[in-house]
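K.L.:
As annotated in TrEMBL:
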- 5-21: transmembrane segment (TRANSMEM)
- 23-288: domain 'NADH:quinone oxidoreductase/Mrp antiporter transmembrane' (DOMAIN)
- 56-75: transmembrane segment (TRANSMEM)
- 95-115: transmembrane segment (TRANSMEM)
- 152-171: transmembrane segment (TRANSMEM)
- 178-196: transmembrane segment (TRANSMEM)
- 202-222: transmembrane segment (TRANSMEM)
- 242-261: transmembrane segment (TRANSMEM)
- 281-304: transmembrane segment (TRANSMEM)
- 290-343: domain 'NADH dehydrogenase subunit 2 C-terminal' (DOMAIN)
- 325-343: transmembrane segment (TRANSMEM)
Amino acid sequence: MNPQANLIFIISLLLGTTITISSNHWIMAWTGLEINTLAILPLISKSHHPRAIEAATKYFLTQSAASALVLFSSMTNAWHTGQWDITQLTHPTSSLILTSAIAMKLGLVPFHFWFPEVLQGSPLTTGLLLSTIMKLPPIALLYMTSHSLNPTLLTTLAILSTALGGWMGLNQTQIRKVLAFSSISHLGWMAIIIVYNPKLTLLNFYLYAMMTATIFLTLNTIKVLKLSTLMTAWTKIPSLNAMLLLTLLSLAGLPPLTGFLPKWLIIQELTKQDMAPAATLISLLSLLSLFFYLRLAYCTTITLPPHTTNHMKQWRTNKSTSTMIAILTTMSVMLLPISPMILTMF
């Protein structure tokens with residue numbers, strides 16, 4: 001793709017995200033979401049492969065439906081209350097429709113079917129944008145309307161997302177699809193706590209985005225898209241592969257790593273809200289996703305390729321790892337000891 005065109009699309013993405021996050025009026029928030037959708041479409045379909053075109057079409061259709069629902073929800077609220085302010089979403093029907101629309105935009109169960117397919121059809125860099133920056137505007141809208149959302153509905157969606165995200169990722173061999181189901185599972189953790197402690201949702205999202213960015217950028221560096229090639233890629237940059245192992249375990253939420261922090265805080269907050277059964281259930285369901293993270297980690301560093309297959313030997317590359325990946329990897333693994341400082345920021 002032409003670098004100038006690429007730059008325009010990236011700037012439009014940032015502009016759309018900024019407009020949605022900083023707006024008070026529903027129409028401006030909707031405009032930002034539309035700019036975002038239109039800016040990411042060329043980035044999804046830039047390879048002109050049939051899978052990429054299919055992914056762009058699916059993305060366009062689902063996001064258009066979700067945007068229409070956002071508009072419908074805000075108009076219903078304005079009709080009943082006379083308010084166009086985002087924080088004044090008080091009508092129960094409006095908040096129900098908005099929850100469905102945001103669930104569709106984010107890819108929460110039962111509106112999750114588009115997300116793995118779209119991620120599989122996109123290049124790794126676009127997949128990174130879809131998994132991180134494109135989730136920020138809908139989460140910001142949930143954050144601003146969190147006081148009027150239905151807790152029962154969100155808890156149900158969250159538990160279903162964690163269950164299906166873990167369960168459907170178990171038998172995947174394509175890494176992008178595994179990361180898509182991982183994203184659905186993490187969104188479940190964010191959705192369950194948004195009503196009780198919205199700041200925890202933001203903290204969870206920031207840490208999730210950081211760890212996912214590390215994984216996507218690492219995979220892009222070693223040029224790996226599926227498990228079978230991941231097994232033979234360890235010879236390229238062995239140190240980066242070792243850090244990828246730790247980042248995957250951090251994303252799974254294992255204790256001495258960064259990813260444990262949001263899970264720990266969310267379980268603590270749910271217990272304070274007398275929701276111990278929900279906390280127990282969502283913790284048990286996250287074990288499903290732990291399985292496929294361990295599988296990825298195993299393929300990353302521990303497995304030597306079988307000698308009977310005719311695979312190409314990967315040569316060790318001399319190019320140095322980018323500073324960005326080095327910083328992100330370190331943060332993805334080592335932030336737990338400074339968690340009190342992070343909590344004072346939130």
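Using the three backbone atoms N, Cα and C, a Cβ is placed for every residue, glycine included.
It should be emphasised that the depicted structure is a prediction, and the values quoted were computed from it without experimental measurement.
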K.L.:
Express the predicted model's confidence over the domain 'NADH dehydrogenase subunit 2 C-terminal' (290-343) as a mean pLDDT, rounded to an integer.
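P.N.:
Overall, the domain 'NADH dehydrogenase subunit 2 C-terminal' (290-343) comes to a mean pLDDT of 82.
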K.L.:
Looking at 95-115, 178-196, 202-222, 281-304, 325-343, which one has the highest count of Cβ pairs under 8 angstroms to the transmembrane segment (242-261)?
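P.N.:
The stretch with the most contacts is 325-343.
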K.L.:
Are the transmembrane segment (202-222) and the transmembrane segment (325-343) close enough to be called in contact, which here means at least 3 C-beta pairs under 8 A that are separated by 6 or more residues?
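P.N.:
By the criterion, they touch.
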